Amino acid sequence: MSLLAFFLFTILVFSSSCCSATRFQGHRYMQRKTMLDLASKIGINYGRRGNNLPSPYQSINFIKSIKAGHVKLYDADPESLTLLSQTNLYVTITVPNHQITALSSNQTIADEWVRTNILPYYPQTQIRFVLVGNEILSYNSGNVSVNLVPAMRKIVNSLRLHGIHNIKVGTPLAMDSLRSSFPPSNGTFREEITGPVMLPLLKFLNGTNSYFFLNVHPYFRWSRNPMNTSLDFALFQGHSTYTDPQTGLVYRNLLDQMLDSVLFAMTKLGYPHMRLAISETGWPNFGDIDETGANILNAATYNRNLIKKMSASPPIGTPSRPGLPIPTFVFSLFNENQKSGSGTQRHWGILHPDGSPIYDVDFTGQTPLTGFNPLPKPTNNVPYKGQVWCVPVEGANETELEETLRMACAQSNTTCAALAPGRECYEPVSIYWHASYALNSYWAQFRNQSIQCFFNGLAHETTTNPGNDRCKFPSVTL
């Protein structure tokens, strides 16, 4: 009997082990399948900071027309989420930065957020990611940053309470979360955020099988020093390579360098297998005169090559993680004319507000790169050298110009001195002329303090001198 019992026990243990191994393999297979599915659907960022943008209904139809597979919202807009229930699009929603502290403080508040922003729409609306905040570590917001992971954890708790397990929670970070990123193997997170934020964040993401979301823009890395990095290398079309001296890994584009620097930074903190997702990447189609390389051809080239790379089957991954599926969101659907900052901030879109393309792009990645209509060659791929002025845009509203004129002249005794009666720029006496001088003078005087030639859309830069023999407009020399 004892021999028989031992025999039966052995069979039971063996079969149990086999079943456990089979279940584990099945779980791993389903995880991999989900990762491949998410990565195969190239997404689009749908921002709405513009006064000329179409309705959510029209915008979602435009998203379907470009064959995007996933849409990322910068909020949880009820109208958009309702409309998206009638599509096959995967959806990502965002918790605004200002709500993070409240969510972190109380599970009830997080439960209410989920009850309001997810439960009425899910699963008919195929929500796949909830992103808590946006680039929260790029701002000097210590209290908010330490509340980041607790807020994420409470949202996951609420999702689990409702039996929802396939919505992943993450947070998009920018490249400035790194202290060093070159060469890629030198990637290291900033010391002041490593202990308080990064380690808890990575532990949370790893424990929930979520992704490290990254807003990564090779344009800014390249444009800061365009003479040191080939434009073709930044646009995925160069034959040049870079070899990391520490690892021997060979890089053929700038994006892979930047992604691997983050992967190496996570490895140094003990997370070598963390999933990676690109929450924003793109290239501006226009910018200020000193924003070299911001043009339609470069934007089209970058995004077409990006989609080709990221939609490849099997996945290409990066030199340090070959074969890694990376869910990717192109930035962005429209130009957003109410964004502040330099000109490029308002010009990342692929569509005009009427839905017509700024340039053609195929989000399935199936169109060969030679299959698109030719685009005009740019003239700003090398830095501009010369004088620049700031003048009102054609058709600028006179009432708004007058208000901005008063603001500019109030900032300094010298800004508008030449506009005093009898002075060299007093005539002709008109709001447009006086505003032209005042805005330009103010911009030239304070440009080194990050004043932009924008003034809520009233002004733009020009290389044509707006002054005359009597009235000399101050200029900025690039």
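Every residue, even glycine, has its Cβ placed from backbone N, Cα and C.
Looking at Cys416, Cys425, Cys453, the record from Swiss-Prot puts Cys390 in a disulfide bond with Cys453.
It is Glu135, among the active-site residues Glu135, Glu280, whose Cβ has the fewest other Cβ atoms within 10 Å in the structure shown. Separation of the C-alpha atoms of Cys390 (disulfide bond) and Glu280 (active site, nucleophile): 30 Å, rounded to the nearest whole number. The highest number of surrounding Cβ atoms within 10 Å, among the disulfide-bonded residues Cys390, Cys453, is found at Cys390. Distance noted between the C-alpha atoms of Glu280 (active site, nucleophile) and Cys453 (disulfide bond) is 26 Å.
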